[in-house]
Amino acid sequence: MNYFEKDLTSLHDDLVAKRISVTDLVQATFDNIAATDPDLNAFLALNKDAALKKAAEMDEKGIDADNILAGIPLAIKDNIVTKGLTTTAASKMLENFVPIYDATVVSTLNEKGIINVGKTNMDEFAMGGSTENSALKTTKNAWDYTRVPGGSSGGSAAAVASGEVIAAFGSDTGGSIRQPSSFNGIVGMKPTYGRISRWGLIAFASSLDEIGPMTRTVKDNAILLSAVAGHDDHDLTTSTKEVPDFAAELNDQTSVKGMKIGLPKEFLGEGVDSEVKDAILAAADKYRELGATVDEVSLPHNKYGVAAYYIIASSEASSNLQRFDGIRYGHRSDDVKNLEDVYVNSRTEGFGDEVKRRIMLGTFSLSAGFYDAYFKKAAQVRTLIINDFQAVLKDHDFIMGPVAPTPAFKIGEEISNPMTMYMNDILTIPVNLAGLPGMSIPAGFAKGMPVGMQLIGRPFDESTLYKAGYVFEQATDFHKQTPKQGGKN
Amino acid sequence: MASRIDQDQVQHVASLAKLSLNDDQLKYFTTQLDEIIGLFETLNEVDTDGIEPTSSVSDQINVMREDVADNWGQRDALLANAPESEKGYIRVPTIIDESEDE
């Protein structure tokens, strides 16, 4: 089976009514992965024995009719640590790393009865936008196996879009949930900074990293965010704000009537594919038809987002990745004569080119004599980017635009030019810099490939994004299209 | 166009970051980093006089907690991930390069 015709609610009903057992559902998921994944390459590791054992226990115990997540199989990006299950961040550095604890999102999901079927491929340490920077595998786009799935959460996006799983978790530092969701025609939420605990997320850029759900429908996404959001004593950047039951607000009465939507002119400017632009303009018309107003707004500092981001994110990465020294865990070089060699040779052998590039950019930006010119300047520009968003969101309920300037590009097409790759993030990066919630939802097709629309909201107002996304989804059928190549059985 | 970073600087940055680059990689990374640092310098167009830098967007500031141990006592499990261990300790090679003493 694949998950194309299913959502969390219908799966839950099937499990409660015993139309399918948890064991059969989990086994069917692994059968589908076995048929699909040799071509798709979404998974780095499968959790087969533990998943089937947990499924059997749940069948024995019976499904709790009040717990929609009980017995639901899903996948986890491989930079989120899972106790006893290899977690590599798609790096040779961690190829054999077996965590001794679960990330908070994983332990929360486990307690709620989900079944982790495996770990998904990604750009090494989440650095990249095509999953081509994985040191371990090349994941394909679920819609076209010659194209990239996006990144860095490319494995999670491809696994959901191909019907291998109903949902997956990813992480987003500069667009890594939203862009692959856009490229694969699924729903991906990067929540507000502080909404979800990052305890157990292998740190890339700590002032930007967020974890979030990737699903086929807006409602499923809302269910999963409510399940994992909230304060965690292990991540003191998490907010103590109450977490709404986001999905409870999505029903026949949900409406965008009277909502004010801002469409930044900078989001439809130079470099944005004309078919992508058309899809977003059509979506704006759809929102008008549904009773919202859409007017043009401006985010004047948006164009500086990429430069500011690559200084800030690389600086934080250069610091976070110092921990990989070949001593306590991870790769240790065999070619060593002294302790210095352990550090240098282990890191040189263990990291791929993109990771080295970012570590060096960060080290440079923070080094004596350059700090003020680069890091401090970028942190000041970050303030201006935040101010731009605040000015627009003061009198707009949310902002809409494309997720990425283009649909998915060909494998191998852009990987040799880091600058081209970096500029692809121009529409997603500012949202991380400002810590705002941003969601990608299917909004059309360009050159036969899915186009995602990005909805950006006020801090901790994921609720408005889910409502607006849900209303759009109900009024369109883009999310019902499925890739021909995915879901082999 | 004047170069913004040269091979000596890239070599210096690599050594600060505990990375080693061969001659080909040094050339390759110098060209790329120079181009990316050129992108960074577009920020000079922005007037940031008197603008406070942002280092965090968390709504939590200076959260305090009790200093108590949690989830401890897993020495063997931790050591299982170490590349080399002995008698409950992580083993590393000799710190001083012995070959230089010969």
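Backbone N, Cα and C define each Cβ position, glycine as well.
A TrEMBL annotation is a machine prediction, not a hand-curated record.
The active site, charge relay system feature in TrEMBL is assigned to A:Lys77 (among others). Residue density at A:Lys77 (active site, charge relay system): 31 other Cβ atoms are found within 10 A of its Cβ, drawing on all protein chains shown.
When secondary structure is read from DSSP and collapsed to three states, A:Ser152 (active site, charge relay system) falls in the coil class. Taken from TrEMBL, the feature active site, charge relay system covers A:Ser152 (among others).
Annotation comment: TrEMBL describes A:Ser176 as active site, acyl-ester intermediate. Residues within less than 8 Å, Cβ to Cβ, of A:Ser176 (active site, acyl-ester intermediate) and separated from it by at least 6 positions along the same chain comprise A:Met122, A:Asp123, A:Ala126, A:Gly129, A:Gly151, A:Ser152, A:Ser153, A:Gly170.
Residues or ranges marked as domain 'Amidase' in TrEMBL: A:24-465.
Taking all protein chains in view, 35 other C-beta atoms sit within 10 angstroms of the C-beta of A:Ser152 (active site, charge relay system).
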